[in-house]
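Engineer: This is the structure, below, for whatever I ask next.
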């Protein structure tokens, strides 16, 4: 049974497919939206998702993942990832690689990996807020793209929900930090645990205050 969509919601959703419609009118057929989750946290990976929605599909309530309640975000995640007409790929870059290349480059790597993981190759890519240097595909950077493009919003939901679930798994391995609550972000709870226990293996050594903590430890050894 098709979704019942209010006139107001239909108008909002129509505004969210303007970029996709423009790409379709230019002859592109497989248009991927791409977004990331986890650039700012002190711990855990950065996760990117690429998502290709079928032409004409409107997904009620879809929006920037950060604007959705956990319950709505989880429901939309399940809908997107179980719909055989929706194609998606996920890229995950862990803490060690983030520390090695920096978070910006790690985010690009995660996005490129997400495109590679798609079951089909897109011919056009809409990217949330970043210039993505793909060697073969035209990519359009859209500021606040997760609010302006349905494809990017879908990718943002898949990326965030995937990362949140990973952080809940990490909580079971390192329960003393509260990863299941803050997902690695620098909350008061997280910082208190970090200063009390020190960093665990998934903490980003190149991020402050962890970097400064480790520098002090090294200095104290001399």
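Each residue, glycine too, has its Cβ placed from N, Cα and C.
Under the heading domain 'RNase H type-2', Swiss-Prot lists 29-219, citing sequence analysis as support. What Swiss-Prot records for 35, 36, 128 is divalent metal cation binding site, and it gives sequence analysis as the kind of evidence.
Where in this structure would I find these features, and how exposed are they?
Structural biologist: Under a cutoff of 8 A between CB atoms, and with a sequence separation of 6+ in the same chain, the neighbours of residue 35 (divalent metal cation binding site) are 48, 49, 65, 127, 128, 145, 146, 152, 153, 155, 156, 159. Following the DSSP three-state reduction, the secondary structure of residue 35 (divalent metal cation binding site) is strand.
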Engineer: Taking the recorded divalent metal cation site as 35, 36, 128, identify the other residues of that chain whose CB atom sits within 8 Å of the mean position of the site's CB atoms, giving them in sequence order.
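Structural biologist: These residues sit around the divalent metal cation site: 34, 37, 48, 49, 111, 127, 129, 130, 145, 146, 152, 155, 156, 159.
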Engineer: Return the residues near residue 36 (divalent metal cation binding site), defined as same-chain residues 6+ apart in sequence whose C-beta is under 8 angstroms from its C-beta, sorted by sequence, else 'none'.
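Structural biologist: In sequence order, the residues whose Cβ lies under 8 Å from that of residue 36 (divalent metal cation binding site) (at least 6 apart) are 46, 47, 48, 49, 107, 110, 111, 128, 159.
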Engineer: Validating a neighbour-count step here. Other CB atoms within 10 A of the CB of residue 128 (divalent metal cation binding site): how many?
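Structural biologist: Summing over all protein chains shown, residue 128 (divalent metal cation binding site) has 27 other Cβ atoms within 10 Å.
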